[in-house]
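Peer 1: Under the heading domain 'EF-hand 1', Swiss-Prot lists 8-43. Taken from Swiss-Prot, the feature Ca(2+) 1 binding site covers Asp21, Asp23, Asn25, Tyr27, Glu32, and the record attributes it to sequence analysis. Under the heading domain 'EF-hand 3', Swiss-Prot lists 100-135. Annotated Ca(2+) 2 binding site per Swiss-Prot: Asp113, Asp115, Ser117, Glu124, in sequence order, evidence recorded as sequence analysis. Summarising the annotation, Swiss-Prot assigns domain 'EF-hand 4' to 144-179. As annotated by Swiss-Prot, Ca(2+) 3 binding site applies to Asn159, Asp161, Arg163, Asp168, with the evidence given as a curator's inference. The domain 'EF-hand 5' annotation in Swiss-Prot covers 192-227. Summarising the annotation, Swiss-Prot assigns Ca(2+) 4 binding site to Asp205, Ser207, Thr209, Glu216 and lists sequence analysis as the type of evidence. Swiss-Prot lists Asp249, Asn251, Asp253, Lys255, Glu260 with the feature Ca(2+) 5 binding site.
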Amino acid sequence: MDSAFLKLDAAEFLEIWQRFDADDNGYIEGKELDEFFCHLLKKLGTNAITADKVQGVKDRFMSAYDITADGRLQIQELANMILPEDENFLLLFRRETPLDNSVEFMRIWRKFDEDSSGFISAVELRNFLQDLFLQHKKHITGDKLDEYTDTMMKLFNRNKDGRLDLNDLAKILALQENFLLQFKMDASSQEERKSDFETIFAHYDVSKTGALEGPEVDGFVKDMMELVKPSISGVDLDKFRQILLNHCDVNKDGKIQKSELALCLGLKANP
């Protein structure tokens, strides 16, 4: 779609998003989606808008832009649909491959939570965006950077406290489903549990050192805790991380060896 005809900037995009994501759940879906496409037809100057016309344009655009094929529009999908490319700051977060590992997510989190407060402040978010623009070799004025920072805060800061938490950043980066959800440890035999453990450890041991350290521990803790508490804060994560290290890090080297984690879980790991 040639979205330039709408001549939108980031602030106007925010206004459209907030208007049609009426229930503030992070998606435009159902009746909201129909109302959005009706609005789009009016913007295009379409006369005599009918339900069939709305359905037709909806089918056409959803097949092109609903990347996740879930019948609803996420923020990034809507931005791709209606923002001109030079205004689509969300393109900065587009990745060659989906972010499907919490280890990489936590590496990003630790980098930009500069003061280790458990939150990303507006200043830290501004630095985050500036860093992304530099990575993409794009020049941006200070005023434009401020505008994008403000828009990002309003789009993703769900509780309106002026700072982003883990869940806000997960939405921005489109973090994939929790890796641990596929495992049902309680219903498994001992052999199945050992096999699952090997798969799980290999997933989080991104560096392949035989030990979890730094963001590898963070990623494991995040996914493990979110099995029982779907939305944890950065502060909660740091607490749970320290509890896990106190319990499992027998040799106190700040890492969790494969054998140490197996012992904590009542298993014997393969060498």
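For all residues, glycine too, the Cβ spot is worked out from N, Cα and C.
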Peer 1: Among Asp21, Glu32, Asp113, Asp161, these being the binding-site residues, pick the one whose CA is nearest to that of Thr209 (Ca(2+) 4 binding site).
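Peer 2: With Cα distances computed to Thr209 (Ca(2+) 4 binding site), the winner among Asp21, Glu32, Asp113, Asp161 is Asp113.
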Peer 1: Please report the Cα separation of Glu124 (Ca(2+) 2 binding site) and Asp168 (Ca(2+) 3 binding site) in Å, rounded to an integer.
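Peer 2: So the Cα of Asp168 (Ca(2+) 3 binding site) lies 14 Å away from that of Glu124 (Ca(2+) 2 binding site).
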Peer 1: Short question: which residues 6 or more past the ends of the domain 'EF-hand 1' (8-43) have a Cβ under 8 Å from it?
Peer 2: 49, 53-54, 57-58, 61, 71-75, 78-79, 82-84, 87, 89, 147-148, 151, 154-155, 158, 171
Peer 1: For Asn25 (Ca(2+) 1 binding site), list the number of other Cβ atoms lying within 10 Å of its Cβ atom.
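Peer 2: Its Cβ has 11 other Cβ atoms within 10 Å.
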Peer 1: Show, in sequence order, which residues other than Asn159, Asp161, Arg163, Asp168 on the same chain lie with their Cβ within 8 Å of the centre of the Cβ atoms of the Ca(2+) 3 site.
Peer 2: Phe119, Asn157, Arg158, Lys160, Gly162, Leu164, Asp165
Peer 1: Compared by Cα position, which of the binding-site residues Asp23, Glu32, Asp115, Ser117, Asp205 is the closest one to Asp249 (Ca(2+) 5 binding site)?
Peer 2: Asp205
Peer 1: Count the other Cβ atoms sitting within 10 Å of the Cβ of Lys255 (Ca(2+) 5 binding site), across every protein chain shown.
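Peer 2: There are 18 of them.
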Peer 1: Counting across all protein chains present, how many other Cβ atoms fall within 10 Å of the Cβ of Glu216 (Ca(2+) 4 binding site)?
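Peer 2: So the number of other Cβ atoms within 10 Å of Glu216 (Ca(2+) 4 binding site) is 24.
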Peer 1: I'd like to know the mean pLDDT over the domain 'EF-hand 4' (144-179).
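Peer 2: The answer is 83, the mean pLDDT of the model over that range.
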Peer 1: Highest CB neighbour count within 10 A among the binding-site residues Asp113, Asp115, Glu124?
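Peer 2: Within the set of binding-site residues, the most crowded position is Asp113.
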Peer 1: Other than Asp21, Asp23, Asn25, Tyr27, Glu32 themselves, what residues in this chain have Cβ atoms within 8 Å of the centroid of the Ca(2+) 1 site's Cβ atoms?
Peer 2: Phe20, Ala22, Asp24, Gly26, Ile28, Glu29, Arg72
Peer 1: Count the residues of the domain 'EF-hand 3' (100-135) that DSSP assigns to helix (H, G, I), to strand (E, B) and to coil, and report the three numbers in that order.
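Peer 2: Counting residues by DSSP class gives 25 helix, 2 strand, 9 coil.
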